Structures are given as structure tokens and as C-alpha cells.
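Asks: Copying in the features that Swiss-Prot gives for the protein in this structure:
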BINDING   Lys622  ATP binding site
COMPBIAS  584-594  compositional bias 'Polar residues'
REGION    584-611  region 'Disordered'
MOTIF     42-52  motif ''HIGH' region'
MOTIF     619-623  motif ''KMSKS' region'
Amino acid sequence: MESRYQPTAIEEKWQQTWAEVGIDQTPTDRSKPKFYALSMFPYPSGNLHMGHVRNYTITDVIARVRRMQGYRVLHPMGWDAFGLPAENAAIKRGIHPAKWTADNITQMRSELKRLGLSYDWNCELATCSPDYYRWTQWIFLQFYQAGLAYQKEAAVNWDPIDQTVLANEQVDSEGRSWRSGAKVERKLLRQWFLKITDYAEELLQDLDQLTGWPEKVRKLQANWIGKSTGAYLEFPIVGRDEKISVYTTRPDTVYGVSYVVLAPEHPLTLQVTTKKQLKAVKSFIQEVTAASEIERTAEDQPKRGIATGGKAINPFTGAEIPIWIADYVLYEYGTGAVMGVPAHDSRDFKFAQTYQLPIRQVIIPPDPDLNEQPILQEAYTEPGLLINSGEFDGMPSTDAKAAIVAKAEATGWGQARVQYRLRDWLISRQRYWGAPIPVIHCPQCGIVPVPEADLPVVLPDDVQFSGRGPSPLAQLESWVKVNCPTCNTPARRETDTMDTFIDSSWYYLRYPDAQNDQQVFDPAKTNDWLPVDQYVGGIEHAILHLLYSRFFTKVLRDRGLLNFDEPFQRLLTQGMVQGLTYTNPNRSDSSRYIPSNLVDPNDPKDPETGEPLEVSYQTMSKSKYNGVAPEEVINKYGADTARMFILFKAPPEKDLEWDDADVEGQFRFLNRVWRLVTQYPVIEPTTKQGDALAKEEKELRRAIHTAIKEITADLGEEYQLNTAVSELMKLSNALTDASCKDSVIYTEGIETLLLLLAPFAPHISEELWQQLGHTTSVHQQSWPQVDPSALIVDEITIVIQILGKTRGTIQVPASSSREELEEYARQTPVAQRYLEGKTIKKVIVVPGKLVNFVVADA
């Protein structure tokens, strides 16, 4: 046998062999239960990082274990390949996005294969391939036919550098683009939306089904959907026929309304403004609407407003109240107008103080001293009793909500309403590298969907990338001009492409039938494999990707393609991989991070200034100079060591701190396993199966089956992979220390160790399995089954105490009675020595643990 563990040679050998025999291909035999294991697919940026390695290794262990446990497993991989970085690369480097993306996919696929990940590459897909986005466009048409895709003019976040629309999530707290850093502007454009709000209630209610998801993720989605119960209330405008409609969750405070506020974009803003205020109001609106939504609503930003001079009437009090315009009110939310109740809303309180507006208290604490009502120093937002509220005085505020809404409905002043924070999904992007929206704009027919027979609408290759002006598609007249498929008159293609979240909202449905060129997928195949049994990915996708995927699943179900409600049964959100980070707090933000190769870890100082550095663990990134390239680790230690460290260092859901010493530790462990097997005696065992086992054989077999029991439990539904690796180490130690290496039990132990190790370190396990003389792959073996009888303990260790102090131990039969335990203890040399000449006052026996002699001096 090979005497040295040489991971590079072993790993290359087995990766090639596995590929040649197709060991990881998805089985078609439906007699076995199915298991769909899926990692969130990556954006092909060019190189794997340790976050990728962690995600994919976790999922790979799960897939490998389930195969050995008798499941037919689908474990695919693909590429979320559309997006801005490819187009930006085209602008900066003069390379076409398609080539940049294809080159990156080739590089990353090679790196994934080096990790020994058991993907069925026959299922591979890339969202930028016409073979894929043909069906993305087909799905868009399904939404359009169902009335779930529509176009309207909307205020959007506009990145003036990247020249594209940004989702709110792509704008930081300072109102800057997440990618270019440009100050985001507000701009009106005709945009395409998907009507996710039609599914808001179902998306909320079905969260209760997702018991296999982290509670944190479910709460994040529930908060994002943001269901609230309240009322629409109407405030007539003085001197006009119109009314201002507001939505409120606090109708119990309506008697405290001292002003109403309109969004700058509200259609009534100029109509309610007096001539005296008109110029100032127009200037204010122009200034405010240029700011991003994030800037306007940020908690730490002062709220700005302007009086219109107009008045409205509070129908409940009959009082005239001023109409204001403020930056924090957004037209896209609710009605685009809010009622100002400064006494009972913190934001309104600050606004009223700033602009010296009346503060009218209408709720007091439940047990107040009614004769003493001090001037409010802050808004009172808790439940209480109503005051200054007419017929509702003295009523608990929780009861007053329903009573006041009932009055509003009876008088025509308003009505009860359920509302959601969730808004329809804006999917238009003014970029090239995305799936074209399959729509034609005809001057005669209006919006005309591209016929299904004409799909895909393929991205043209002959485009120019300047990074300025309209999107490259809009500038290519030869592509834009087309005849209307309905009336044949000259028309124009839609030049917007789809948000890349569209591509990732259905990719998991395509994997079971990835090569199908006749339909989006065969419903029989997809309904057989779905829902995904275990989905693994980062917590950063808790809201958008996961919510959109749930939305797509429900729509395609309603279109008759799917027979399930939710796409992902279980979700594991793995923690971040963190690296040792050196920071000089006295430097500017752009240069505060110091590369680790320039720092002495024993005396961390700034190499230029000599200032002491702050040392911490932070998420690995290029900008922090704290990353570790997977390729470097694999080249030095092998993929199996990289996998073992990633799995051992921390529980999957927790952040992982990179530690070179622990990587070395895992390499040493695999070397011990290598020596353990390669030095395994080839002599015929002296004991046979069925022979009475000696004590040391029983102990070893107990260790073997304890490992099976514990590791199987760790790999159940909670995936405590770090403790599973610890159990592997315990078993290897037991085998190393065993004195019965010529026993059939030792043979069982060696083989069991390799079977249990195989999902974690697949290459070394396969090599050693073959060296033991097996001709079929270790990965095609059945998962070891625990023998309960092997766990039965024949002997136990009992502690002997004198006056509560431990003086020794004794091995006794596990079935010993109290009387027998006392007698065994009395007969030991240690007890006889300490009891000589003493009077035994009492004997305390704790079965399974100890015998304590309480003595007095003679």
C-alpha cells in the first residue's frame, strides 16, 4: 500500500474516475424515496470564495449521506449568470458580457469539481443561455395572460452612472447605489411590474407551513409583507369637492389629528396649495422628489415639510386643519397621504415640534391622575383611555379602534381596511445583460406579447457598451424595429430587460428536466422531485429571492403546472466565513484595512506608521484583505482537508472563524486515518464473526456503534456536522488505541470509519476503501446501521469514596445490585486500606456511579 497520504494525486484520480463512470448521475428508478438537495446557485464572478465552499460542502454532505441511506438524490448546480457585473466588465475591459460570463463559468466549474462535489452536471443550467431565458420569457407571458404583469409610470431609483433603475434594496442608507456609489435620483419611467400583492395574504399565511425554515427568516418575510389592520378615513378639503383619503392603523387617535400630510407626488398637492404658497411648494416638490426613497424615509434624517396654505376638515371634530406636504410620505405607500397625530406618533411629534403645529392629546395612561395632565415631552404611543374624543371619552383605546371605524362606516367618513406593506415587484431594468421582456409596442394594437413560437427574444450580439445614455438595446434600431405580430404594422420591441431575481425565482423547477427544449419543464418530472427537500444558502436572501420563489411557485401552481404550494421544505442558512482582519482606525475608510501579509500577528502594527492595529474577525472580502483563496488551501492540503475544516470549525448556521492551525489539524487527522488503514494488518483475523467476544472487542464494537448512532443523529434534520466530525475523530482514536487489531471487530471498525467518513472526505475514503480490496465505490455502499446490542454496557466503572473523597475506582458488572456494589467496593484494596480501624457509620450507594463509606475514627 502507498505509505504517504498524497491528496492531490488521489483527488485528481477519483474525480476523473467518478466523472467517467457517472457515479453522481440522478437515478431514474422511482422505487426509492426522493431527496432533492440544493444549494443556492452562484453568480459566476470568476473565482470561488470560502463562502461558496462552505455552502456547497454542507449540501454535498447531505446529498451523499442521503444516497447512502437509500434515497434517489437530485443534486444539481447551475449559474445565476445575468447581471450588472458582466455588463460593467464589458464597459471597462471591452469584452462582451457573454464571453466574460462563459469564461468565468468555465473557471468556477473547474474549481467546484476540485472540491469533489457530487453534482449531476447533466442538469447544469445558466440563466443567460437562450435555452433557459426562452422559458423565463414564457413564464413572463404566463403572468401577463393571468393579469399579473402590467406596465405603469412610476417613480424609480435611478443610478445616473450605471443608467439603470435600482430596487430599494440596492440603495444604501446614504442614498447611494450599492454598486456604483452614485447619488441615486428619483425619476419617472414606464416600468413593468409583477402583481405579487395579489398573493400577499397567501404568502403570509403559508409561512406557517414552513416549519423546516429558521424562525428568523419567517419573521423577516412576515415583516416584509407587513400586514396591518386599520381604516381608510376621508378628510374633506375646504373649498373643494375632493377629499383626502388616508390609511391609518390608529383610528383611535383620530380626534387628535391636527394636520394632514400629502406626499410630494400626490395629485392634489398643487390643487390644495394657495397662490401665496405655490412658488415655494413647487420648489420644495422639485427638490424632494429628486431624493431617493431611502433618504426620504431614513430614521436618522430630519423630516422636512411645507405648508400648502390649504385646509381640510376633520369630520370627527368638525375642525379645520392645515394641509402639509412632507418628504417622508411616499405616494407609492397606502394612499400617499397620512394624518398627523403628534401626541401619539413619534415621527409626527418631532414634525409638529419643528413646525410648531398643535399637539392634541387624546389618549392617557390607563390609570392616570385625571387632574394632572402634564405637557407631553414625547409622544404617548401605548394603549390607554380616550380623552378629548367626544362620545368615546373614557373608552379603552383598544376598544375605541373598532368603535370609531364603525362610526366612520355609518357616516360615510371611512371604512375598515386590511393593508400590506408589500408592493408590486418592479422588474424593469434599463440594461443589456438580462432576459429581454417579450413584448412589442404597436402604435395600432398597443402592448402585444411576443408569440410563444417566436421565443426566445434573443439578445443581439452587435451592441456597444458605453455605460452612458439609454440601454444598449434601446440604441440598436435594427433590433428594436419589428413588425407587430398582430397587425403587421411597424412597431418597436420592449428594450427593458428583466430583474435578474426573475431568473432565480424558478431555476429550481428546471433542474429535474434541464434539457427539455419543448416545454419549460415536464410537470410530471418536476412534481415528482419538488418541493426541494433541503435548500442551503445565505441569510441575505431571506426576503427577496425566497419570497419571489414562493410567489412564482404559487402562480405556476395556479396556471396548472405544479401540484405543491411551497418550493423549499427545509431551509438552512449557513453562517459567514470570517477572516482575521487588521484595521487602523486612524486611517481613512478606504485604507483602514491592512493586508495580513504585511503584519506580524504577534505584534500587529501598521507597517507604515507603527500604530497599533485593531484585530478582529470579519466576513472575508477583497476590500478587507482578509480572504483565503480556496485554491491555495486545496493546493497545499487537498480538497478533503478543506471540506473537513469547513465542516468541523463551527455549526453550519453559525459564523466560522478561519484558523490555519485548525486546517493543519484536519490535515493531521486525515493523515492518521491514512496510516490507520494502510497499516491495517493483512493477516487473517484470529476471531470470527459469531465467536464470543473478548472484553476489548466488546469495548471497540461499542465505540463503533456509538459512532454510527451519534453521527446518524447529527446528520438527521438539524445537520450538526461539526459534532459529526468530532465523532469520527473519537472512532479513529478508538481504533488507534485498540489492542485487538487481529479481530473481525477491528475490520468492522476500519470499514465503518471509511463509510462514515465518505460524505465528509470523499476522495481519501474512496482510495482507502479500494485499498481494502473492495471493487465497488464506497459512495455506493449502504449507510452503516447501528446494532443496539453493541451499545449494551457489560461493565461499568464505580467510584469509591471515603467521607465523600474519591479514593479509587472499580470495574463491576453493569447489572450489579446495591448490595453487590457495596460488597465489591468493600473487597477492593483501596477500601480495605482506608477502612482499616474505622467504624462504618453509613454506606451510600448510587447505582451506576459510586459507593461512599461514611466512617468514624475507632
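Glycine is no exception: its Cβ is also placed from the backbone N, Cα and C atoms.
Keep in mind that this is a model prediction, so the values were computed, not measured.
Help me understand the surroundings of these features in the structure.
Replies: For the recorded site, Lys622 (ATP binding site), the DSSP three-state label reads helix. Packing around Lys622 (ATP binding site) is summarised by its Cβ count: 9 other Cβ atoms lie within 10 angstroms of its Cβ, all protein chains included.
Secondary structure by DSSP for the compositional bias 'Polar residues' (584-594): 3 helix, 2 strand, 6 coil.
Residue counts for the motif ''HIGH' region' (42-52) under DSSP, split into helix (H, G, I), strand (E, B) and coil, are 3 helix, 0 strand, 8 coil.
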Asks: Taking only the residues in the motif ''HIGH' region' (42-52), give me the average pLDDT of this model.
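Replies: Value for the motif ''HIGH' region' (42-52), mean pLDDT as a whole number: 92.
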Asks: Which residues, given as numbers and ranges, are at least 6 beyond the ends of the motif ''KMSKS' region' (619-623) yet have a Cβ under 8 Å from it?
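Replies: Here the qualifying positions are 49-51, 576-579, 593, 655, 658.
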